[in-house]
Amino acid sequence: MAHRLQMRLLTWDVKDTLIKLRRPVGEEYASKARAHGVVVEDITVEQAFRQAYRAQSHNFPNYGLSRGLTSRQWWKDVVLHTFRLAGVPDAQAMTPVADQLYEDFSSPFTWQVLEGAEMTLKGCRKRGLKLAVVSNFDRRLEDILTGLGLREHFDFVLTSEAVGCPKPDPRIFREALQRACVEPAVAAHVGDSYLCDYQGSQAVGMHSFLVAGSEPLDSAVRDSVPKEHILPSLSHLLPALDLLEASSPMS
C-alpha cells in the first residue's frame, strides 16, 4: 500500500541561499585598501579577486587542508594575490589588510539575511523538519549564523572545512544524513549551485531544490531541472515541499 511521502530532513546551503554579502567583494577589499593608503578601483579589485579565487580554489581545493594550510592562511593568500593582480606594487605590504578582511568577513555586519529566509526556516520547523547546514564555507560560519540570528534554526552545521570534503562530494551529504539518522529518500537539500547543491545532493539519493536567485538560470540548467524543483525565491519552498510530498508516494 502506498503512503504519502513525509520529509524528515532539509539541508541548506548558506551563501547566496540564506545570506549574502552586504557589499560586493571588490568594494570591501578596495575600501580596506584605501583605509591603509592604497587607492584601487572597486571593479579592478573585483575582477582580480575572481581570478585569484579561481586559481587558489584550483591549486588548493577546500582551503588547502590536504596541503597543510588553514582556511585563514588560504584566504590571506587570496587577498594578497588579488592585490597583486590589481596592480598594487608591494602586495606583501597588504598583509594587515588581509588580516583585517578575514576578521571583517567573520562579522555578521558584513552579511545580511536574504528576504524570506527566516520565515521559511521557521515554517520548516513548524512542520517538524530537522534542519541542517551543508556548506562549502570555512570555520567562521557558525559565528556568522549566530550573529545573524539563524543558528538557532539548525540542528547542526557542516562545513567543508570541518568535514574535509566540499560539495558536490557525496561524503558531506552522507555525513549529514548519518548525523540526522535519516534516509536520503526523506531528505532534501536547498541551494543555489546546480553542480554543488542540486546535482551533489541528488547523487546520494536526496531530493533537491535549486534557488534561482536574482540572476537568471543558465538555459541548459533550466532545461535539465524540473520546474517544480526551481525556487524563484525562498517563499516558494514550502509549497514546493507540499507538491513533492503529494506527488511522491512511498510504498
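Cβ atoms here come from the backbone N, Cα and C positions, even for glycine.
Looking at LYS15, LYS76, Swiss-Prot tags one of them with N6-succinyllysine, and that residue is LYS15. Per Swiss-Prot, the N6-acetyllysine annotation among the candidates LYS32, LYS130 falls on LYS130. Taking the C-alpha positions, the distance from LYS15 (N6-succinyllysine) to LYS130 (N6-acetyllysine) comes to 20 Å. All chains included, 17 other C-beta atoms sit within 10 angstroms of the C-beta of LYS15 (N6-succinyllysine). Every protein chain considered, the tally of other Cβ atoms within 10 Å of the Cβ of LYS130 (N6-acetyllysine) stands at 20.
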